[in-house]
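Reviewing the structure listed below.
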């Protein structure tokens, strides 16, 4: 059987007239009856672009020259922006990025839910568009042909790692240490046996978790410790699964000691987390997001509040500070433990945490048989369609939905509206500047009978 012959791509760039943007931030043009998706192009622009992939119904191209620039174009703040997949919109002005995200949410509400909020709220802008990212997973790869180690994000639409020596969107405690990190790894005996580096930052401490596929020789451990000392970083190893993560610098006093923290001063809370725990990447947006969610729910003393997909208590504990009785439910048992730890740390007794598979049947659990006045829901990208069908049984008169996927928010909003709730307010939050990621928040209220 003969192999399918790969199509030969044109070597010369082609001229593209950009009409609009796709939801993944690429410019859309049309030629010879086919759609063209053009990386690095903006609506209204004329660009020259090189073909990188062709399909029967569309082509994928990369901008090589801008002939006529749009007013929304800006000089990317990062020299690696054209190639690195960590960001996709650095060539677009901040105002245009916000408009793009608002339009994406509007289109999804119309397409998937067939609804629109009674009021669009002003977008929540990130206090910082650079140096904001406190968590990331950095790939590590030894390139034999170059005899060097690369550390960073994948190239755009490619499995190769980008050759970078710094990152301007990462917290500077990490982003300014990419080159020293590369030098460290290149000098280790295990230079080709470190798969990735997880990075996490609290308010006062930054950490790196090295995924070592083999046991490290003593000299490599000493080099990692010296790196942590020199750059004021906590250093962890992960020889196998997540349960094997342990700190080697500073010396650990036990797993309870291996915590980073962030403050929420508005609520007089200190939140502790392990470097591998899920936390919001943008501290400024997180503070404003929690403030808005608490404000919208308007919890009164004595009210019962349910926080679904509660994690380590990022919303749960601020809600408890308002005097209600708060129940947090989470599918990850480790995060349930973390939520309880944080409640004790902050001396809160009007809150409880439960573990449950929120994508399965949880109706038999004791907490699910009780009524609630207010509900907060912050699901993963897959959303919470089945839960939304059940929410009316809790009897809540107000629900705040925090979303990291506009498509599933719109779908779930449609379910809630059909089950007797009004979509009162909604808006976007710029949790990830310079990317197409759309974080949003919506308020639902029970319709009058």
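For all residues, glycine too, the Cβ spot is worked out from N, Cα and C.
Among 167, 201, only 167 appears in Swiss-Prot as part of the [4Fe-4S] cluster site alongside 78, 84, 87. S-adenosyl-L-methionine is bound by 309, 314, 330, 357, 378 in Swiss-Prot, and the record lists one more residue there from 238, 280, 425, which is 280. Taking every pair among 280, 309, 314, 330, 357, 378, the residues listed as contacting S-adenosyl-L-methionine, the largest Cα to Cα separation comes to 22 Å. DSSP assigns residue 404 (active site, nucleophile) to coil in the three-state reduction, placing it in neither a helix nor a strand. Listed in sequence order, the residues of the same chain lying 6 or more apart from residue 357 (S-adenosyl-L-methionine binding site) and placing their CB within less than 8 Å of its CB are 331. Within the group of binding-site residues (78, 84, 167), the Cβ with the highest number of other Cβ atoms inside 10 Å belongs to 167.
If you take the Cα of residue 314 (S-adenosyl-L-methionine binding site) and the Cα of residue 404 (active site, nucleophile), they are about 15 angstrom apart, rounded to a whole number.
For residue 309 (S-adenosyl-L-methionine binding site), the same-chain residues that are 6 or more apart in sequence and have a Cβ closer than 8 Å to its Cβ are 329, 330, 331, 358, 377, 378, 379, 380, 384.
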